[in-house]
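For reference, Swiss-Prot has these:
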DOMAIN    2-118  domain 'MTTase N-terminal'
BINDING   C11, C47, C81  [4Fe-4S] cluster 1 binding site
DOMAIN    120-352  domain 'Radical SAM core'
BINDING   C134, C138, C141  [4Fe-4S] cluster 2 binding site
DOMAIN    354-414  domain 'TRAM'
Amino acid sequence: MPGYYLWTIGCQMNQAESERLGRLFELWGYSLADKAEDAELVLVNSCVVREHAENKVINRLHILRKLKDKNPRLKIALTGCLVGQDIASVRKKFPFVDYIFQPGALPDWGEIPEGFILPLKPPVSASITIMQGCDNFCTYCIVPYRRGREKSRSISELCCEAAELVRRGSREVVLLGQNVDSYGHDLPEKPCLADLLYALSDIPGLLRIRFLTSHPKDISQKLIDAMASLHKVCHSLSLPVQAGADTILAAMRRGYTSEQYRELVGRLKTAMPDISLQTDLIVGFPSETAEQFDQSYKLMSDIGYDAIHVAAYSPRPQTAAARDMADDVPVAEKKRRLKLIEDLQKETVSKANSALVDTFAEVLVEGRQKNKWQGRTLGGKLVFLESDLPLEGCLINVKIFKASPWSLQAKLVKILES
């Protein structure tokens, strides 16, 4: 049986798409190889949202080219945001790649089965892509140029897929999209994300629902109310702010001010006092002054996120920022600001996690890692515990006895659902 190997970089959507492609390869008669050197087919699922990510992809492709020179039978497949909408130019740049297809698409060199392409035994927490693309065109972001405009899947189709995942063993679904809060506006019935959450909540056996990523300007009160009232929907929200200074937010074309963002956070915390917030932040955006960075730092400190995904600005081709704005913040200053935010995050999360010691939490157990059970709280915090019981897929109550910045240690108190 020929082997396949997956190399994926980037967001959770890329991870979900790679899992689906892996299952398709298995239906075509391939088996998963331990390493690229043992495979007849290697898939590279690419990311170009940052320059560093794009460089990693290109480096990996050149490594595979050398591997192909040694093994002419090796087939290389490329998808993801490096491909985007222009396959011809990518093929010209990487002529040694055998198969190239757009992100979110399926390859055309084999028979595509009808229905959903799902693993026989999906993970406890399974991802579902509810929409592709983005219509926002933030000035720094390459995603709309590579994944195209927003295209949503119907509620009925998504509910069928979620129900089938649950039938095969999943207990949680994570809804994915570049901007899930604009879900449905392109469909004839004009449903919204809240409508989808209500529909999914009716699926028997589904214990939890998460979604990401959100855009602050598109979060409605209807969505907040749905999150607060539906017990299956986790009180966890990825809410990228990107900057704390209004001048920079306007230059980014984000569509809100820092005060509007703070007001939104206030409404979320009023509706769900236990909500866990994560954010994305760019430091060193063109023309960002020290004072403007200080405003970002203050915003991070005031809100107290459970996770801050911070990155130094890097120009992306095709974007308005790369075309019209000078990348004028020195690299050393970008690194300094990056380090300040990373240090703040560690301090903030350490303090928040330490406050959870001796408290109880509801955890969905996802599997084992290093001889311990691993799961997540409703807020998405990673929890490890020891037990000889078969806990995979169980919803349990635990008591936390130890905390670190990135995980919690706990003891089993009670199995709530098995």
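Positions of Cβ are set from backbone N, Cα and C atoms, glycine also.
Features as recorded by Swiss-Prot, highlighted on the structure.
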residue: C11; record: [4Fe-4S] cluster 1 binding site; contacts (Cβ under 8 Å, 6+ apart): C47, V49
residue: C81; record: [4Fe-4S] cluster 1 binding site; contacts (Cβ under 8 Å, 6+ apart): G10, S46, C47, V48, V49, P103, I142, V143, R146, R147
residue: C134; record: [4Fe-4S] cluster 2 binding site; contacts (Cβ under 8 Å, 6+ apart): C141, V143, P144, R147, R149, E150, Q178, N179
residue: C138; record: [4Fe-4S] cluster 2 binding site; contacts (Cβ under 8 Å, 6+ apart): Q242, M252, R253, R254
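In sequence order, N136, F137, Y140, I142, V143, P144, Q178 are the residues of the same chain, not among C134, C138, C141, whose CB sits within 8 A of the CB centroid for the [4Fe-4S] cluster 2 site.
Same-chain neighbours of the [4Fe-4S] cluster 1 site beyond C11, C47, C81, judged by a C-beta within 8 angstroms of the site's C-beta center, are, in sequence order, I9, G10, M13, N14, S46, V48, V49, A53, G80, P103, V143. Each residue in the domain 'MTTase N-terminal' (2-118) has a pLDDT score, and their mean in this model is 92. Each residue in the domain 'MTTase N-terminal' (2-118) gets a DSSP state, and the totals come to 46 helix, 22 strand, 49 coil.
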